[in-house]
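*Asks:* Before I ask anything, let me first share the structure, which is written out below as structure tokens.
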Amino acid sequence: MSLADGAWIEPAPAKLNLALHVTGRRADGYHLLDSLVAFAAVGDEVALTPGPLALQIDGPFAAGLGTDEDNLCLRAARMVGGQARIRLTKNLPVASGIGGGSADAAAVLRALKRMGLELPPAPERLGADVPVCLASRPARMEGVGEIVTPLPPLPRLHLVLVNPGIAVATPRVFAALARKDNPPLPPVPRFARASDLTAWLAQTRNDLEAPAIALAPQVREVLDALQAQGAGFARMSGSGATCFGIFATAGAAAEAAAALGRPGWWAVASELAPDPAAR
Ligand SMILES: C[C@](O)(CO)[C@H](O)COP(=O)(O)OP(=O)(O)OC[C@H]1O[C@@H](n2ccc(N)nc2=O)[C@H](O)[C@@H]1O
Ligand SMILES: Nc1ncnc2c1ncn2[C@@H]1O[C@H](COP(=O)(O)OP(=O)(O)OP(=O)(O)O)[C@@H](O)[C@H]1O
């Protein structure tokens with residue numbers, strides 16, 4: 001968080017479900033999750049200035065999103081009675097499995113907290129990913145998203161995020177999931193090196209990957225392309241279609257991102273977001 005020209009500026013880092021197990025289904029249809037969540041250095045940004053509630057959007061993915069009252073930035077502000085002019089810079093593809101809307105809502109709530117308002121008691125009502133995005137640090141996420149257990153910092157990762165330019169609707173992916181009662185994550189140890197993390201990830205899953213591929217076969221193409229570029233590990237995040245690859249070096253990640261910048265594809269090299277305390 002920084003204050004520049006009277007605006008409270010707050011990053012909205014992309015959420016990555018490094019592992020995502022679906023372990024059950026509640027009577028209301030929501031699914032029980034067990035997920036290792038981390039945040040990338042790439043993300044949206046919100047800037048708030050005191051004034052009547054209003055939203056303007058710029059950035060490369062602004063066109064995919066309306067400024068109507070349903071926008072999660074406005075819903076978040078209304079939830080806590082916040083009055084602010086909000087500028088959202090939309091750098092993340094919309095409906096892409098990396099929590100853009102939830103990250104934006106959480107960033108607005110963090111900014112309003114800095115401006116003196118309380119956080120809402122049930123932020124998950126805005127979206128299942130909002131509680132974990134409020135923390136924006138590595139965490140285990142359980143329940144339907146409302147149980148967030150912070151984890152120690154993860155080792156440095158050289159990431160590439162790739163989206164094939166298709167929006168995937170989260171409810172459709174959950175509906176296409178064959179088995180809803182899968183085993184939970186294995187115990188989460190403290191990861192000293194990136195190789196410890198990738199070895200652990202290899203024993204885990206994203207249970208939404210198969211149903212997402214059934215709906216959007218381009219996800220398989222992205223995963224194969226990441227592997228072909230030398231990713232030591234590749235997986236889809238959330239309900240897709242964005243996938244992440246973990247590479248051995250920053251140079252290898254940058255080269256892979258350049259090679260994967262195909263027409264219509266969004267591909268960026270990134271690292272994990274710095275710890276919020278160190279920002
Ligand atoms: C799949 C994940 O990205 C994993 O982090 C999230 O659980 C989804 O988070 P989100 O996009 O903030 O989700 P929401 O906007 O709350 O819900 C969208 C839809 O996803 C389904 N949904 C979501 C979360 C959850 N635990 N179970 C569900 O079944 C529901 O059909 C819901 O209507
Ligand atoms: N500020 C916002 N940014 C992105 N989407 C928003 C926003 N406000 C409302 N939405 C709506 O929310 C829906 C989900 O968008 P979002 O980008 O959060 O999905 P996602 O990346 O798949 O999220 P998740 O990983 O949490 O499933 C979209 O259909 C979009 O129209």
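These residue numbers are counts, starting from 1, taken along the chain as shown.
Placement of Cβ uses the backbone N, Cα and C atoms for every residue, glycine included.
Automatic prediction, not curation, is the source of TrEMBL annotations.
Keep in mind that this is a model prediction, so the values were computed, not measured.
In case it helps, TrEMBL gives these features for our protein:
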type: ACT_SITE; residues: K15; note: active site
type: DOMAIN; residues: 72-121; note: domain 'GHMP kinase N-terminal'
type: BINDING; residues: P93, V94, A95, S96, G97, I98, G99, G100, G101, S102, A103; note: ATP binding site
type: ACT_SITE; residues: D129; note: active site
type: DOMAIN; residues: 203-262; note: domain 'GHMP kinase C-terminal'
*Asks:* If you check the recorded positions P93, A95, G101, A103, D129 one by one, which have a CB less than 6 Å away from any atom of ligand 1?
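*Replies:* Once distances to ligand 1 are taken from each Cβ, D129 fall under 6 Å.
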*Asks:* Please report the Cα separation of D129 (active site) and P93 (ATP binding site) in Å, rounded to an integer.
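*Replies:* So the Cα of P93 (ATP binding site) lies 16 Å away from that of D129 (active site).
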*Asks:* By DSSP, what is the split of the domain 'GHMP kinase N-terminal' (72-121) into helix, strand and coil residues?
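*Replies:* Here the numbers are 23 helix, 6 strand, 21 coil.
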*Asks:* Within 10 Å of K15 (active site) (Cα to Cα), which of the binding-site residues P93, A95, G97, G99, A103 do you find?
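*Replies:* Near K15 (active site) by Cα: G97, G99, A103.
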*Asks:* Calculate the per-residue pLDDT averaged over the domain 'GHMP kinase C-terminal' (203-262) and state the result as an integer.
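*Replies:* It averages 98.
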*Asks:* Do you know which of the binding-site residues P93, A95, A103 end up with C-beta under 6 Å from ligand 2?
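*Replies:* Once distances to ligand 2 are taken from each Cβ, A95 fall under 6 Å.
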